[in-house]
Amino acid sequence: MRLILLSSLLLLGIFLANGHEEDPDGKVLNSLIDTLMHLQKLYANLKYSFLTVHRARSFGSGSERMYVTNKEIKNFEALRQICEQAEGHIPSPQLENQNKAFANVLERHGKEAYLVVGDSANFTNWAAGEPNKAAGTCVKADTHGSWHSASCDDNLLVVCEFYFIL
């Protein structure tokens, strides 16, 4: 919204800098006001549409987080770079419904994927006998959402986590 207001002020400044010292009838100012009001309506509609889609996705998955794959198969370091570049995160389910939403992606694709488990996680879904540091220092989820220790060099499905703070 600030960008729209600054753009409007810039246009007015350009108008005045180009030798139009006056706007006796207020046509330029009124035009800028009309444009700004139109842009505000477009912004409100876009925000409403975005939130509607986000709420629908959240409702359908039972999670405020979205887990999305690009269908690539990569190791942990490549996953980290891909998710960072996409402005997402390596999946880190904190609740059972988030883990279920993550597992749904894995089940649909029939593949395993990496996740990150925080030190203070209130929710875990380790498979029997896990964690097993001998298997590796990374963590992967299977198609049922169970967590297993894994090598960080394994090539697994790329899944990134996205969430919104509004």
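Glycine is treated like the rest: Cβ placed from N, Cα and C.
The signal peptide feature in Swiss-Prot is assigned to 1-19. According to Swiss-Prot, the feature domain 'C-type lectin' maps to 46-161, an assignment based on sequence analysis. What Swiss-Prot records for C83-C160, C138-C152 is disulfide bond. Look at Swiss-Prot and you will find N122 tagged as N-linked glycosylation site, backed by sequence analysis.
For C152 (disulfide bond), the same-chain residues lying six or more positions away in sequence with a CB closer than 8 A to its CB are N75, F76, E77, G136, T137, C138.
For the residue listed as 'N-linked glycosylation site' paired with C160 (disulfide bond), the C-alpha to C-alpha distance reads 21 Å.
Contacts of C160 (disulfide bond) defined by a Cβ separation under 8 A and a same-chain sequence distance of 6+ are given as Y67, V68, T69, L79, I82, C83, A86, G88, H89, I90, P91, in order along the sequence.
Along the domain 'C-type lectin' (46-161), the predicted structure has mean pLDDT 91.
Helix, strand and coil counts from DSSP across the domain 'C-type lectin' (46-161) read 43 helix, 29 strand, 44 coil. In this structure, the recorded positions under consideration are C83, N122, C138, and the one with the smallest number of other Cβ atoms within 10 Å of its Cβ is N122.
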